[in-house]
Amino acid sequence: MTDKINVAIIGSGNIGTDLMIKVLRNSDILEMGAMVGIDPNSDGLARAARLNVPTTADGVQGLIGLDNFAAIDIVFDATSAGAHRSNAAALAPYGKKLVDLTPASIGPYVVPPVNLEQHLDGDVDNVNMVTCGGQATIPMVAAISAVTPVAYAEIVASIASKSAGPGTRANIDEFTETTSHAIEQVGGAARGKAIIVLNPAEPPLLMRDTVLALIGDADHDAIRASITGMAARVAEYVPGYRLKQDVQFTAIPDGEPVHTLLPDGTGPVTTKVSVFLEVEGAAHYLPAYAGNLDIMTSAALRTAESIARRIQNTIPAEVAP
């Protein structure tokens with residue numbers, strides 16, 4: 001039997017703790033090597049200790065000082081954009097693979113069903129999981145782009161206010177910037193825009209996402225099939241991910257000033273494609289309404305498992321005497 005790959009999680013908040021539970025319950029290739037935080041009284045560190053996972057409340061330096069640090073191959077960072085930049089610099093001399101769940105964007109953007117395979121080879125040591133809104137919507141933009149050029153794509157991510165912890169709230173600007181860039185770089189849109197809404201409704205509502213894309217004349221059936229197929233691929237690792245309504249195609253009236261949204265050299269556009277999504281969380285640690293956090297941890301887990309398989313394949317087999 002091949003040994004599991006050891007991982008550490010920096011960030012003992014909502015995302016980090018949910019990710020730990022996923023590794024422990026669901027992964028047949030990853031093993032928890034450490035849970036790292038900065039608050040010794042955090043629930044995440046307490047849960048990790050109860051589950052016999054090594055812990056430290058001294059941040060990244062505490063991780064480096066752990067006895068089993070050398071055995072850890074992959075480090076998840078579920079802190080904040082600013083903290084990740086410091087953590088990445090501290091870990092750089094040690095050759096660890098970093099899976100960044102913050103909007104820091106040091107490494108390339110990864111959305112598993114779209115471009116994960118592109119970043120498993122080579123010398124990529126830091127991959128960025130974009131944002132929750134990006135993980136939910138960029139597959140849809142990419143599905144449309146696979147059929148026809150997308151001149152402009154706009155996404156609106158509506159999440160339950162209760163699911164937004166201090167890290168999420170501190171990174172609202174980074175969320176919009178990172179998601180917008182990834183809509184273009186990964187989704188394939190010529191121009192992207194992202195909006196996040198923290199919904200204070202009680203009881204909390206499930207994550208809802210809207211994707212709007214401006215395209216020229218194209219095969220609507222082919223686009224619909226591409227979107228449906230992509231949704232099924234995301235649902236393989238996020239079972240609560242689903243299309244909430246049928247894909248809608250709306251003709252853009254003559255005189256509509258959509259040219260103001262388009263970058264130079266694109267267009268003309270004749271049709272608006274509307275995709276409506278809902279993401280229900282698996283409720284491993286967080287409530288089901290926190291689909292925004294669940295899709296991030298699920299995407300990060302899938303990415304790390306793919307990295308781990310590559311690591312296993314590069315470990316020389318023991319030579320029998």
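In case you wondered, yes, glycine gets a Cβ from its N, Cα and C as well.
Fair warning: this is a prediction, and the values are worked out from it, not measured in the lab.
According to Swiss-Prot:
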BINDING   Ser12, Gly13, Asn14, Ile15, Ser163, Ala164, Gly165, Pro166, Gly167, Thr168, Arg169, Ala170, Asn171, Asn292  NAD(+) binding site
ACT_SITE  Cys132  active site, acyl-thioester intermediate
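Sequence features annotated in Swiss-Prot and their locations in the structure.
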| residue | record | DSSP (3 states) |
| --- | --- | --- |
| Ser12 | NAD(+) binding site | coil |
| Cys132 | active site, acyl-thioester intermediate | helix |
| Ser163 | NAD(+) binding site | helix |
| Arg169 | NAD(+) binding site | helix |
Cα separation, Cys132 (active site, acyl-thioester intermediate) to Gly167 (NAD(+) binding site) (Å, whole number): 13
Residue pair Asn14 (NAD(+) binding site), Cys132 (active site, acyl-thioester intermediate) - Cα distance, angstrom, rounded: 13
Separation of alpha carbons, the residue listed as 'active site, acyl-thioester intermediate' and Ser12 (NAD(+) binding site) (Å): 18
Residues Ser12, Gly13, Asn14, Ile15, Ser163, Ala164, Gly165, Pro166, Gly167, Thr168, Arg169, Ala170, Asn171, Asn292 binding NAD(+) per the record - widest CA separation, whole Å: 17
Pairwise Cα distance for Arg169 (NAD(+) binding site)/the residue listed as 'active site, acyl-thioester intermediate' [Å, integer]: 13
Under 8 Å by Cβ from Asn171 (NAD(+) binding site), same chain, sequence gap 6 or more: Ser80, Ala81, Thr102, Pro103
Neighbouring C-beta atoms (10 Å sphere around the C-beta of Ser163 (NAD(+) binding site)): 24
Cβ neighbours of Asn14 (NAD(+) binding site) where a neighbour is any other Cβ within 10 Å: 22
Fewest other C-beta atoms within 10 angstroms, as judged across Gly165, Gly167, which are the binding-site residues: Gly165
